[in-house]
């Protein structure tokens with residue numbers, strides 16, 4: 001997995017659209033996005049590790065997903081368009097990639113800029129409920145893997161509107177970012193205070 005700011009230029013959405021401005025994994029995690037890497041091995045050891053992570057993180061249900069033009073037929077273009085329309089969910093979107101690759105574009109808060117996250121084989125990512133995002137395949141034109149849920153399987157996209165801006169899950173997500181930011185600031189202030197205290201004692 002790696003991230004960068006989307007260049008917002010017109011063209012094929014499956015192309016990288018890399019602005020040349022990289023985004024660190026810490027910045028991505030600050031948006032409450034979770035990430036693990038579990039290499040896909042032919043012996044099937046990844047399945048055991050995914051099972052362990054599912055228990056640790058309360059991922060109760062799962063199914064398989066296979067997005068290819070051959071597999072989806074006439075519905076392929078419409079499904080990709082639905083994936084790429086900006087939306088949010090009222091459930092976490094948790095995906096493990098076994099084969100292929102794609103892009104999650106997520107809205108950074110408070111800048112509202114698009115951050116593009118490229119995921120491929122072995123990547124397990126959890127997009128939090130309430131965050132605006134979209135998805136697109138890359139030039140490989142395929143992705144296959146697992147969809148995981150904490151509760152009853154549900155995939156209902158809510159396109160971005162004024163109503164979704166005040167959606168309860170959206171507001172809760174924004175509040176969680178503010179809470180994380182406050183906690184980080186308090187920790188930083190505490191650390192600075194301890195350093196100053198030690199300096200005074202040293203003198």
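Cβ atoms here come from the backbone N, Cα and C positions, even for glycine.
These figures come from a predicted structure and were not determined experimentally.
Quick look at what TrEMBL lists:
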- 87, 89, 93, 133: Ni(2+) binding site (BINDING)
- 87, 89, 93, 133: Fe(2+) binding site (BINDING)
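What TrEMBL annotates, mapped onto the structure for a quick look.
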{"residue": "87", "record": "Ni(2+) binding site", "Cβ neighbours (10 Å)": "18"}
{"residue": "89", "record": "Ni(2+) binding site", "Cβ neighbours (10 Å)": "18"}
{"residue": "93", "record": "Ni(2+) binding site", "Cβ neighbours (10 Å)": "21"}
{"residue": "133", "record": "Ni(2+) binding site", "Cβ neighbours (10 Å)": "23"}
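DSSP assigns residue 89 (Ni(2+) binding site) to coil in the three-state reduction, outside any helix or strand. In sequence order, 88, 127, 129, 131, 132, 134, 135, 157 are the residues of the same chain, not among 87, 89, 93, 133, whose CB sits within 8 A of the CB centroid for the Fe(2+) site.
According to DSSP, residue 133 (Ni(2+) binding site) sits within a strand segment.
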